[in-house]
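Sequence annotations record features per position, and here TrEMBL assigns active site, proton acceptor to B:E34, B:D45. For B:259-279, the entry in TrEMBL reads region 'Disordered'. The compositional bias 'Polar residues' annotation in TrEMBL covers B:261-279.
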Amino acid sequence: MLTLPNERGRFGMFGGKFVPETLMRPLADIERQLHEALADPSFHAEYMHHLYEYSGRPTALTFAKNLTERLGGAKMYFKREDLNHTGAHKINNAIGQALLAKRMGKRKIIAETGAGQHGVAAATVAARFGMECKVFMGEEDVKRQALNVFRMKLLGAQVIPVTSGNRTLKDATNEAIRYWVEHCDDHFYMIGSVVGPHPYPMMVREFQRIIGEEAREQMLKVEGKLPNTIIACVGGGSNAIGMFHPFLEDDVECIGVEAAGKGVHTTEHAATITKGTKGVIHGSLTYVLQDEHGQITEPYSISAGLDYPGVGPEHAYLAHIGRVRYESVTDEEAIAAVQMTAETEGIIPAIESAHALAKAFQIAPLRPKNETILVCLSGRGDKDVQTVMNYLEGDEPR
Amino acid sequence: MKHFIPFIVAGDPSEDVTMDLAIALEKAGATILELGVPYSDPLADGPIIQRAASRALNNGMTLTKALELIGRMRKKGVKIPIIVFTYYNPVLQLGEERFFALAQQNGASGVLIPDLPFEESEYMRTLGDAYKIPYISLVAPTSHERIAMIASQAQSFLYCVSSLGVTGIRDSLPAELHEFLKQVKLYSRVPVVVGFGISTAEQVDRLQHVCDGIVIGSAIVQKIEQLQDELNDVRTRPNALIAFSQYVVSLIEPLKRVGKNESQTTTEPTKTVSTGQTD
């Protein structure tokens, strides 16, 4: 399980490289350089240096004492990725890929973004490492996330509004890939999640596994044992893979939480593993939300970061073999979890992370007090305050 | 004469018009037709073909209907080979075997899947052999050492992507293109055709000496877009089809000039691509 993907970029049947011929060689170049980099202690040292000295790692492990007492069951711990520079786990991956781009002699970065979190992380590292950065963002998201658009511009990035399709993350990713096809000779495509063609799902996992590695050490130090259950939200699934991967060979229950939007019985959700079927999206064979003719359908979630019709192929595999259980949480449950976490622990989580929290709050009372639940609190909620306000005041988010 | 391979999208602007366009293209001198199946997320296509795909999807076009449309074209007398151009996901949902069975039944002559590179296409190539539907391979300017591998398995013709990037109309083609085509020809046992970005008679004229055929997509699809209202109205359709044919003829005029004056240097299409007719 830990040795995957294989040399063809497959996790079981999932993954692969379903891309135009033009990209096959650029992908092979990245793969070769990535393997060299990962085997090079100086690369790892530089990566860790930036994580500690620039992003503020290690991130805290917080015992959610008040929530634990209130729910009266298992002890809950939060891995605080919200305390990272730029406010989410996205920076871990952005730093890793920027260092790889630098190593490959590429100084021009392309990124896609939905809500803008990965776009901001990419723009941030580009500024830090003296690189040019173009961020593709659906026109609809540009309108919804004006503040993040301005943050990216302030960081010196160029934000390119995408007008194809439904003008959201899926279309931004399509356009970023198209741009990359045209400029693959001197641009590096920095994908924000564990999606895309091989070696991206593996690469992004390797740059996110620091979450789980740190949390594992911290749990052992604080509790003297591994957690019984780990919970993380899954859109593309990078924080979840980063959290789960170092625990996959242990006797630890892993739960990935997808966005049920207005309910998985409606058409307005983003629960790709729960409701999707096998298909190809953005270069990878995985579970996909699609119609019976193989056309990708538009997902929905109040959380822009989970609003994606595909999912990382490694998650598809972990679901298929039953190692990780995937469940879903609605907009309503997620917003309630934002409020409860804010009121009880003084932490405003991102709505994405609140999906994982909501699931933890459902499970904790059912588990004995000597058990522990570790939740990946992947990002902070400042960006979502307006959305939460609109929701609570009864305005539809879309 | 060299191959002229026009590309149109099934169902753009309607099924009936696609049929008429296919007939018009054959008359105008097409030697092979590339019929595009519309897809929601066409990664290899630029804005012109993306818009055509949207129009066709809005008209309810599907992979199955596109294959059946080939059958209808055959019944209407279209004789030239018809290559199905589709992204992989619709094929996966239909089922690969079912796809080839329907392609064969309806008289398709080949399949080209732009997001299924050599390494991922073994199963499709095997099925293609079983159903006698050639699987068309692509090489790109970035292929380099991959060219020999891809060319060794090429069937019918080898499709060279002219430049980095997606389909579209380009004012200029890269200076290295001639060298690239020469290199591909060294390895290829089948005719070498070039596509992506070719949109003027002048480009056709310059390229025809270094390849065995030319694919024109976006320029033709853009013409259809411009004429869509007239094409959709049965009263104005005949004139619109004439205007369309005149445009196509003007694009490939340089090919015909050579066809008349030079001896044939390329393989006959009928020898390499079957017309796949069922009747």
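Using N, Cα and C of the backbone, Cβ positions are placed for all residues, glycine too.
Where the annotation comes from TrEMBL, it is an automatic prediction and has not been curated.
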Using Cβ-Cβ distances, find the residues under 8 Å from B:D45 (active site, proton acceptor) that belong to the same chain and are at least 6 apart in sequence, listing them in sequence order.
B:A53, B:V166, B:T167
Same chain, 6+ residues apart, C-beta under 8 Å of the C-beta of B:E34 (active site, proton acceptor), given in sequence order:
B:I5, B:P6, B:F7, B:I8, B:I82, B:I83, B:F85, B:L112, B:V215, B:G217
Through the lens of DSSP with three states only, how would you label B:E34 (active site, proton acceptor)?
strand
